[in-house]
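Engineer: So that we are looking at the same thing, I have put the structure below in structure tokens.
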């Protein structure tokens, strides 16, 4: 039976309902962008409808939780490593630098993103968009290169051993200055015309422009990816590969020596320890895997934008950006919480966090011997 009611299944809709339907269908993700921001928005985004409010709410909730974990976690790492005498070593200065970069990322990125998610667009103007994009890029760049310096330090201590020149405070500070100088070069460049910082696809965050096809913009994305993604990654893989080889060779020599001496092991506490080679393999695997998880999606989005390999949606761009920012949550776990001396100092400062008494064997964890502050006992 035909439905002739206004707005029925087959009947004509009222003029008001028809007008509303057409207006909604013609809305785009750019419609809420303030007029002063439109010159930064690529025409590519005009084809997409606005994101549903639930996605903005999910984004704000996710980034809020990540920020809470990151700020508290990295804040604890900075506090404990800075205030504990036994942890104030040249090597751990780089761990503090890493924690500071991750702390800065979430402290500067999360509040504006939450506010913009509420308004469902960028509300702070073009200048703040550029500053926001620059701080996000700077934090990520410092974080990546700090991880590289930590990997190189572990490589020096474990692979070269006693033949390596001990790291001094001056040497550590010089490496940290290099990390910041290198990062500033790459992240300030868009402010001076080599690429630019523009709103992301959902218009509530800002990042590098990977949609412009002019050579200036494209060359920056390629160069940035080489020196802020591929080079650090290759250096990290190189360092951990030789670390694992060195530990494996050392373990083999220990077993052969014990066999010649007709003893079970040259270490009396061997039975209560986890194999050092396995522990190092886990640290290396977790570090590199999390690094890949955090930054690869955003790199793929950037490459897809400059080579038109596949369509990019506003939802993909913002979640790719969130995945990259999530690296600020992973690092305190890998470089801080897994460190037995850090855990001991943390429990001493905040006894309520200690749910169980630490085993004595934890103090001999290879996680501590993989930093230059602690020589490997294996």
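The backbone N, Cα and C atoms fix where each Cβ goes, and this holds for glycine too.
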Engineer: From the ranges 17-35, 36-54, 93-111, grab the one TrEMBL calls transmembrane segment.
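Structural biologist: The range carrying the transmembrane segment annotation in TrEMBL is 93-111.
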Engineer: Please identify the range among 283-306, 307-330 that TrEMBL labels transmembrane segment.
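Structural biologist: The listed stretch tagged transmembrane segment in TrEMBL is 283-306.
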Engineer: Choose the correct range: of 197-220, 221-244, which one does TrEMBL annotate as transmembrane segment? Give that range.
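Structural biologist: Result: 221-244 is the stretch TrEMBL calls transmembrane segment.
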Engineer: Under 8 Å, at least three CB pairs between the transmembrane segment (283-306) and the transmembrane segment (131-152) (pairs 6 or more apart)?
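Structural biologist: Answer yes: the transmembrane segment (283-306) meets the transmembrane segment (131-152) with 3 or more Cβ pairs below 8 Å.
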Engineer: Tally Cβ pairs under 8 Å between the transmembrane segment (221-244) and each listed stretch (55-81, 93-111, 131-152, 173-194), then give the stretch with the top tally.
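Structural biologist: It is 131-152, which has the most Cβ pairs under 8 Å.
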